[in-house]
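Now, the feature entries from Swiss-Prot:
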COMPBIAS  490-509  compositional bias 'Basic and acidic residues'
COMPBIAS  529-542  compositional bias 'Basic and acidic residues'
COMPBIAS  575-584  compositional bias 'Low complexity'
COMPBIAS  599-614  compositional bias 'Basic and acidic residues'
MOD_RES   Thr173  phosphothreonine
REGION    490-510  region 'Disordered'
REGION    524-555  region 'Disordered'
REGION    575-614  region 'Disordered'
Amino acid sequence: MSKVIGIDLGTTNSCIAILEGDEPKVIQNPEGARTTPSVVAFKNDETQVGEVAKRQAITNPNTIQSIKRHMGTDYKVDVDGKSYTPQEISAMVLQNLKSTAEDYLGESVDKAVITVPAYFNDSERQATKDAGKIAGLEVERIINEPTAAALAYGLDKTEQDQKVLVFDLGGGTFDVSILELGDGVFEVLSTAGDNKLGGDDFDQVIIDHLVAEFKKENSVDLSKDKMALQRLKDAAEKAKKDLSGVSQTQISLPFISAGENGPLHLELTLTRSKFEELADSLIRRTMEPTRQAMKDAGLSSSDIDEVILVGGSTRIPAVQEAVKKEVGKDPHKGVNPDEVVAMGAAIQGGVITGDVKDVVLLDVTPLSLGIEIMGGRMNTLIERNTTIPTSKSQVYSTAADNQPAVDIHVLQGERPMAADNKTLGRFQLTDIPAAPRGVPQIEVTFDIDKNGIVNVTAKDLGTNKEQNITIQSSSALSDDEIDRMVKDAEENAEADKKRREESDLRNEADSLVFQVEKTITDLGENISEEDKQNAEDKKEALKSALEGEDIDDIKAKKEDLEKVVQDLSTKVYEQAAQAQQQAQGEDANASQDSNVEDADFKEVKDDDNQDNQK
């Protein structure tokens with residue numbers, strides 16, 4: 001099988017790697033650099049890509065940068081009367097990388113693994129695939145950047161399960177992902193970030209500082225001069241990189257401008273501490289998504305086993321220190337953060353060609369899956385974005401006494417009410433032995449295989465009888481449908497909350513009616529006729545209210561019945577106490593040997609009994 005190249009198609013820089021033997025190797029571009037700027041420029045009917053395009057970004061209006069931000073949208077770029085889609089611009093970057101790989105390998109390259117941020121939706125991923133196709137590449141797999149980074153660090157080779165935090169501060173975007181690794185399986189637990197924060201912002205604070213200092217000294221505003229701004233940008237980027245290794249750097253830009261008395265030069269010493277002061281607000285902005293990602297994954301910093309840094313801006317010592325302080329662990333520094341994602345993509349290429357074994361590539365469920373339960377609610381078993389294959393079981397029971405069958409209504413969607421979600425299928429589990437409500441144990445299992453085929457099984461744990469349904473292509477929804485359903489869930493959150501509260505109220509009221517009926521039966525002759533009639537009246541009033549739509553009436557009748565239940569419980573308690581005291585008076589020894597928990601009624605010195613009271 002021909003080579004499958006790994007491509008990190010970044011917002012500001014891209015990188016390409018290939019698997020040589022067992023090791024990924026980054027391929028240098030013709031200029032000798034290991035990364036290529038994701039910049040395209042049009043000049044004199046010529047298309048330029050990479051460093052040459054970046055160098056004239058400010059002075060040439062036909063220069064396109066950060067096109068990745070627009071992938072999956074209908075955004076267009078107009079250049080000299082011609083429109084280009086984000087896919088076409090990205091394809092030009094990919095063609096450049098493809099050409100670099102072909103020059104290195106000495107053969108044509110037509111297969112690639114391309115990485116995308118973990119938060120990319122289906123349309124953004126599809127747009128990335130389309131860009132590869134335009135560039136003449138068959139995109140074998142689109143994989144998540146944090147997964148690729150974890151692969152490059154060899155974390156799939158560890159024996160025990162691990163939770164990994166991937167801190168990715170690129171040129172134009174920032175995101176944090178939490179991954180769980182085990183048995184070669186990579187699962188993205190959560191992702192958070194800021195797509196308007198990156199290395200460019202760190203350059204900008206230096207540029208702003210240089211402009212302010214120069215203006216203070218010379219009364220000249222360099223931000224109004226395009227040529228000067230291009231030189232400032234290059235100098236700021238270099239200074240930022242220098243300060244990752246040294247405590248201060250000299251910025252020297254002769255003939256940057258001209259004043260009344262001749263040429264003006266910019267000479268300034270920038271210390272690391274001053275840079276950290278300028279960038280402090282940016283560094284603090286990275287911490288909130290870091291905390292959010294851990295919160296969404298249900299983890300604290302102590303649960304994180306490894307921290308991986310991705311992106312050139314993570315070389316900034318203050319960034320590394322902030323991550324260490326927040327997570328409480330030293331980040332991994334074994335792999336170049338600019339190259340780690342491309343190297344992981346190359347390893348995935350090796351998985352596809354069969355050169356790399358024991359790594360499982362996973363897809364995810366685009367929407368939550370569950371069943372309808374009492375009150376017309378959807379009870380979710382498998383959450384949206386769960387990696388597949390997966391399996392989940394939950395035990396349910398009957399809603400009525402002597403219920404002979406249960407209907408299993410399989411649903412897909414994000415809304416709390418069953419009627420608002422998509423029906424995938426229905427089936428029935430029959431011949432349930434007669435029993436009071438709540439007694440039968442019905443286990444419902446959702447099983448999704450690697451192809452996304454859902455198998456739902458309902459099993460009566462008492463008789464071991466089971467019934468199932470197989471649903472082909474559970475994710476056969478258009479992107480528009482998925483987007484609409486998620487959007488509906490957001491827009492209707494308040495209305496859904498009210499309906500959910502109503503459903504909860506009705507379920508609680510229904511349970512209360514059942515509880516009162518059972519209590520009256522259990523008490524038998526121990527309840528007075530007056531109390532019994534009062535309870536029956538209040539119970540019937542609540543049942544009648546449940547048949548209507550007046551929520552306030554249901555609430556009021558439920559509270560009335562709850563008070564009756566409380567009064568009954570108090571009387572039962574008092575009767576039990578009196579009976580207990582009589583029994584103690586008649587036979588103290590029998591009382592001590594009794595299994596009745598009487599700790600509430602007399603002082604007990606024994607330590608174990610004291611524990612039982614707590």
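From the backbone N, Cα and C atoms, a Cβ is placed for every residue, glycine too.
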Contact set, same chain, for the compositional bias 'Basic and acidic residues' (529-542): CB under 8 Å, 6 or more residues outside the stretch: 509, 512-513, 516-517, 519-520, 554, 557-558, 560-561, 564-565, 567-568, 571
The compositional bias 'Basic and acidic residues' (529-542), counted residue by residue under DSSP: helix, strand, coil: 14 helix, 0 strand, 0 coil
DSSP state at Thr173 (phosphothreonine), helix/strand/coil: coil
